[in-house]
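As recorded in TrEMBL:
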type: BINDING; residues: His213, Glu294; note: Fe(2+) binding site
Amino acid sequence: MSRFSAITDNPHENRFNNKVGVLVTNLGSPDDATTPALRIYLREFLSDPRIVEIPRVLWMIILHGIILRVRPSKSAQAYKSIWTEDGSPLINITKKQCDKLQKLIEKKGHENVEIVMAMRYGNPSIESGLEQLREKGITNIVVLPLYPQYSSATTGSTFDAVSRVLTKWRWVPQLHFLNGYHDQPKYIESLSNSVSDYLENNPMPDKILFSYHGTPKQFLLNGDPYHCFCHLTTNAVVSRLGLDKEKVLTTFQSRFGKAEWLKPYTDFTLKELAKDGTEHVAILSPAFSADCLETLEELEEENKEYFIEAGGKRYDYIPALNDRDDHIEAFYEILKPHL
Ligand SMILES: C=CC1=C(C)c2cc3[nH]c(cc4nc(cc5[nH]c(cc1n2)c(C)c5CCC(=O)O)C(CCC(=O)O)=C4C)c(C)c3C=C
Ligand SMILES: [Fe+2]
Ligand SMILES: [Fe+2]
């Protein structure tokens with residue numbers, strides 16, 4: 001048997017067409033909000049050398065000896081608080097985004113495009129997504145990871161997973177890997193619209209926090225552009241909406257482990273703001289294209305408690321862009337040159 005796979009082993013029977021396959025990816029969730037499901041998910045996630053960059057052997061001892069014994073039950077509790085009848089919010093929202101994107105692309109007159117969803121960790125896997133496209137005879141693939149701000153830990157890791165699968169294929173498809181859209185005009189428009197929708201319906205907050213998922217500070221020092229891309233996104237929205245710069249803060253959330261992460265930390269900033277007399281904050285999280293554990297549990301619940309307990313009066317969470325029409329339009333604009 002050959003080490004390289006193909007959809008047929010008959011050389012004259014290859015099915016192929018001139019369709020474009022779009023693999024839309026996001027991070028992924030556990031299959032269930034239970035400790036065993038979390039153990040499987042976290043083992044895959046935290047074994048990724050793009051996510052944890054400490055020496056392999058040492059990390060494997062810590063991961064298997066400590067983290068995978070302790071964290072799964074704690075994380076399962078957190079997931080239970082956001083789990084829906086249909087499962088993970090992140091996966092369900094990504095499905096909706098894919099369905100709407102497929103419809104929009106057809107409405108725009110492209111008849112030859114197939115959208116398939118895949119997750120970097122857990123299910124549906126990147127391998128199953130690529131297999132689906134190959135089964136349809138597609139030899140031209142565009143990969144769109146739904147991370148606006150490139151980071152080695154997210155977009156870079158998605159590229160690893162895609163290429164790992166393709167190293168096993170005999171017929172490697174034509175491939176476009178889209179590696180970020182932190183300043184893409186339609187994404188900035190959609191983000192700005194979500195902020196202005198909020199501002200039109202609520203009193204002006206004292207501060208607006210743009211809270212991005214953090215990474216270890218060492219990633220930045222080693223050359224990862226994520227930190228700068230986050231600031232560029234904030235600045236683009238501030239200038240588009242003409243917001244008062246003094247009212248806007250860029251912060252970083254979701255720390256993991258003991259090392260220093262990107263600062264200022266969201267939770268720490270909220271406590272300090274409240275102590276200094278800030279009464280009303282609004283917070284959004286532009287690094288998340290879909291609401292997920294890190295927004296629904298950490299931002300909307302946990303951080304709100306910190307702010308109110310420290311003396312704050314009003315805390316409003318502005319939802320992720322999810323399946324807003326202007327967000328789906330942004331995906332279309334990003335894909336258009338490749339369709
Ligand atoms: C261990 C280090 C981690 C790095 C580095 C990291 C970067 C990073 N992550 C996202 C997006 C998401 N992360 C999510 C959950 C999550 N993240 C980590 C750890 C790191 N992330 C863990 C261990 C978890 C799992 C939950 C937990 O046990 O705490 C999610 C949510 C997934 C869901 O199912 O809802 C997202 C999305 C980005 C954008 C990023 C760096 C730029
Ligand atoms: Fe994360
Ligand atoms: Fe920077």
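Even glycines carry a Cβ here, placed using N, Cα and C.
Remember, predicted model here, so these are calculated numbers, not experimental data.
Within the same chain, the residues at least 6 positions away from His213 (Fe(2+) binding site) whose Cβ sits under 8 Å from its Cβ are Phe252, Gln253, Ser254, Ser285, Ala287, Phe288, Glu294, listed in sequence order. Within 10 Å of the C-beta of Glu294 (Fe(2+) binding site) we count 22 further C-beta atoms, all protein chains included.
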